[in-house]
Amino acid sequence: GIPCAESCVWIPCTVTALLGCSCKDKVCYLN
């Protein structure tokens, strides 16, 4: 539920994905 300051509209979460973030509603979120 916490925004990870990375979008995933065109490409998946990259750097923030390593921190455990995942794509939701075009934005990378962590819980």
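Each residue, glycine too, has its Cβ placed from N, Cα and C.
Per Swiss-Prot, the feature disulfide bond maps to Cys4-Cys21, Cys8-Cys23, Cys13-Cys28.
Everything Swiss-Prot records as a feature, shown here on the structure.
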{"residue": "Cys4", "record": "disulfide bond", "Cβ neighbours (10 Å)": "19"}
{"residue": "Cys8", "record": "disulfide bond", "Cβ neighbours (10 Å)": "20"}
{"residue": "Cys13", "record": "disulfide bond", "Cβ neighbours (10 Å)": "21"}
{"residue": "Cys21", "record": "disulfide bond", "Cβ neighbours (10 Å)": "22"}
{"residue": "Cys23", "record": "disulfide bond", "Cβ neighbours (10 Å)": "18"}
{"residue": "Cys28", "record": "disulfide bond", "Cβ neighbours (10 Å)": "23"}
Nearest-integer angstrom distance between the alpha carbons (Cα) of Cys28 (disulfide bond) and Cys8 (disulfide bond): 6
Cys23 (disulfide bond) versus Cys4 (disulfide bond) - Cα distance in angstrom: 10
Cys21 (disulfide bond) and Cys13 (disulfide bond), Cα-Cα, nearest whole angstrom: 7
Between Cys21 (disulfide bond) and Cys8 (disulfide bond): CA-CA distance (Å): 11
